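Participant: What TrEMBL records for R14, T73, Q155 is site 'Important for substrate specificity'. Per TrEMBL, active site, proton acceptor is recorded for D72.
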Amino acid sequence: MSALQLVLASASPRRQELLTQIGITPLVHPVDIDETPQQGESVTDLVLRLAEQKAQQGALDTNGQYPVLGSDTVGLLNGQVLLKPRDFADAERMLLEMSNQWHEIHTSVALVYKGVSHITTSVSRVKFRAISRDEIADYWQTGEPHDKAGAYAVQGIAAIFIERIEGSYSGIMGLPIFETSQLLQQAGITGLLKQS
Ligand SMILES: Cc1cn([C@H]2C[C@H](O)[C@@H](COP(=O)(O)OP(=O)(O)OP(=O)(O)O)O2)c(=O)[nH]c1=O
């Protein structure tokens, strides 16, 4: 009925997949922003800032014509931010620390529409079983951890390491479906389903 098109300001195939899961086919428009945390910035502030920046850049690039979604995911363990691993050593350090521990995954989603930003954050807790250096080395070889915050993918092989989850599976994967749908509703956006 409505011709409204949602723009997803993201290069993450996972985020696209999660929108597809609820019948939304977004226009995919990756944006390139500097994702370096600022000095002393909390994880909460970091994910909010980056999600909003991604959505705003997407809105700028598309002349404010469409509602634009941006999202950012990072982990938190013992006060330390878990970003995408720089290399194997970085991934190994993170995964060894996560071994037999709980950590948090924070994902913020921002929606920029008609010049207004709507934003929300999903925080989940994840418990890893004990994992060995050998398992981490094998896991790294699969390529899966390379482009993921915290060096793992809940939706992938890393599922064998995950003992428990409290929170949002889709949020851990990069786009919390429930919170995203609430955001769209808040902004008065309907009629996105099943359009091509
Ligand atoms: C923890 C976790 C993260 N991830 C992914 C989601 C995100 O793609 C990535 C975190 O990096 P982000 O910087 O949030 O996203 P991105 O660089 O991949 O994409 P863009 O900025 O263009 O939107 O980690 C998983 O796929 N599974 C997981 O279990």
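Indices start at 1 and increase along the chain as displayed.
Placed from the backbone N, Cα and C atoms, the Cβ positions cover glycine too.
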Participant: CA-CA, which of the recorded positions R14, D72, T73 lies nearest Q155 (site 'Important for substrate specificity')?
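Facilitator: It is R14, whose Cα lies nearest.
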Participant: What is the interatomic distance between the Cα atoms of T73 (site 'Important for substrate specificity') and R14 (site 'Important for substrate specificity'), given in whole Å?
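Facilitator: T73 (site 'Important for substrate specificity') to R14 (site 'Important for substrate specificity'), Cα-Cα distance: 12 Å.
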Participant: If I take the alpha carbons of R14 (site 'Important for substrate specificity') and D72 (active site, proton acceptor), what is the distance between them in whole Å?
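Facilitator: Pair distance, Cα basis, whole Å: 12 Å.
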Participant: Among the recorded sites listed here, T73, Q155, which has the most company in the form of other Cβ atoms within 10 Å of its Cβ?
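Facilitator: Neighbour-count leader: T73.
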Participant: List, in sequence order, the same-chain residues at least six positions removed whose CB sits under 8 Å from that of D72 (active site, proton acceptor)?
Facilitator: E35, L46, V47, L50, A51, K54, T107, S108
Participant: Taking 10 A as the limit, how many CB atoms besides its own sit near the CB of R14 (site 'Important for substrate specificity')?
Facilitator: 19
